[in-house]
């Protein structure tokens, strides 16, 4: 997360059964594993958590100008549950959100407790964020993380809590006998954005690793004993910052895109089609050997082969004009069915976050926007100016193309690991959890003078925090690598809360800009009590951490836990144990660097809240959790984190009323596609409608936008919706206080689209002055694709 909001814009069946098995052998390599004996019950679920697509500040960059105004593709909560029959179980939720929220976790657990009793609790449920910087904010409870969203946003919060609960309910209801497999492999989808800090780690330690980022992806493959492959979850480190700080479209960024690509791939494999993937949009092609197929359009017969007939059909369908609807009918118009087909689970694929703290997806490097030259290595500045240094993604200057490429790299590797997974997961399901007060934790560390006891500190943010990162730089005269601080800004920070001498000494060499851990008005600015958690499924161990660990910090934590598991155990674990870090899990507390990286005070070090010994504190406490896997001892749970829901303040104005000009209806066309027009694959076509504020109805499990295809029976059928990478829903007002608004639907025609007749269709909901909500739709004139 790139926060620098205080000082400027800134900075996831009988015969049919036999026939189905044959399909599995054909289209899913290694599908023979469905015949293996299973020792687990497995279930997966997925639900829409797309928040308000208007007026709400995006979470991640803390850029006050980055206000949501449309949808790139939808956000999901994806869950898996693994249970021993009659024994333990664990639930893991992957959110297409910037991070987990303590308040969200508390309320989800309350709902699960009301529904299932003690079956699910903070002990065995983990909720993790993919770290997209393109989702609506306002759903966390601490002041620092909701300032730019004008406080708490109930709509953002509710849709996430609802979606997590429903995804877990789905996974619970889908529990069936099955097997799990694990596989690992390397890919290139990130670079180290703070290499000067990484280089401060001991040379002897760095020499153990080939790269200054972790390139390994770890994937779990879920196999239902009857239905075969039903999903996969993987962990790989790269930031969700392919979409820039100026983007205003809701997006799961590269990890959300990868999940969409893989779920569509799996759907098409089950259909047995053999064309290109839907995610290959106008730019780029894909290796057709893997048979990446399109989802819907290619099951519609190509009836428009005669060009004259095509033009005749196009000319016969004009814009419909706006029409009132009785309710949110877009739900039944979606291209993808949200719910299971019959008794079979939908394929669920999640691309989870791990130790991404210093890993950027902008792999071309950092450059000065004024000169085009590389940025300064140590300070990421351009002629001393921090705000001119930006990272470039592989599709530069097209951020959507960069998102596609980095998502595609993760997707392609995940498909490879999925198809070749052969190591079956066997063993117990276990979990341990504790709350730790990180503001005053005693930590035993080793030094040249032997062991000594040090302490963590109350949270504080350093000057380089305000500098942001090369994924989203801050403003003014802040810069990364500043361990001195500026006298003027020290005075400004002291006006908010002057740190004590004890706090200054504890946090050294961090120069304190904001003493957030000791700021309590109107309520806590940052957390002090943090959850840590271990989930175990056989030889796979998931370390759930509430922050962003840097590459080397993550390596040290994994190594420490592995040492406990393989050294102090009873032979259950060997060197083949798979340890993954699930970052940004259960709550959020910013960054964790190594002690050596902390000394450099780049952005990540300045955002390591609890001082230089934060990582050692995590290692100490996770060693205890790991040891408990063998002893089955009940660890002290520690102090409970606060529930601050009743203290939340919201300054976001509500939607007052929606209107249109006289004689115009909601859903009418404002700017149609050119009359009798035809387009080629790769072209961009758009239409603009008179619309209303998307906050009136989030269209959960529905859509604001459709591209419809005219089939051979002269029926319009959905071909693409606002969960497709190639279709953008853009919403705008003519002025900030206007009650009128427009919705533009923009389609980059995929290379695998069928020739034929298409049109746009928009769904929306308007609010009257008395507060009633009315639903509407409208369609554009038809156009051809040749």
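Each Cβ is built from the backbone N, Cα and C atoms, and glycine gets one as well.
Per TrEMBL, signal peptide is recorded for 1-36.
Under the heading domain 'Neutral/alkaline non-lysosomal ceramidase N-terminal', TrEMBL lists 40-620.
Counting Cβ atoms from all protein chains shown, residue 131 (Zn(2+) binding site) has 29 others lying within 10 Å of its own Cβ. Annotation comment: TrEMBL describes 131, 239, 548, 591 as Zn(2+) binding site.
The active site, nucleophile feature in TrEMBL is assigned to 360. Cβ-based neighbour count (10 Å, all protein chains) for residue 360 (active site, nucleophile) stands at 24.
Averaged over the domain 'Neutral/alkaline non-lysosomal ceramidase C-terminal' (622-785), the predicted model reaches a pLDDT of 96. Per TrEMBL, the feature domain 'Neutral/alkaline non-lysosomal ceramidase C-terminal' maps to 622-785.
Between the CA atoms of residue 360 (active site, nucleophile) and residue 548 (Zn(2+) binding site) there is a gap of 13 Å.
The Cβ of residue 591 (Zn(2+) binding site) lies under 8 Å from the Cβ of 357, 547, 548, 549, 550, 603, 604, 605, 607, 608, 609, each on the same chain and at least six residues away in sequence. For residue 239 (Zn(2+) binding site), the same-chain residues lying six or more positions away in sequence with a CB closer than 8 A to its CB are 131, 190, 193, 356, 359, 360, 361, 471.
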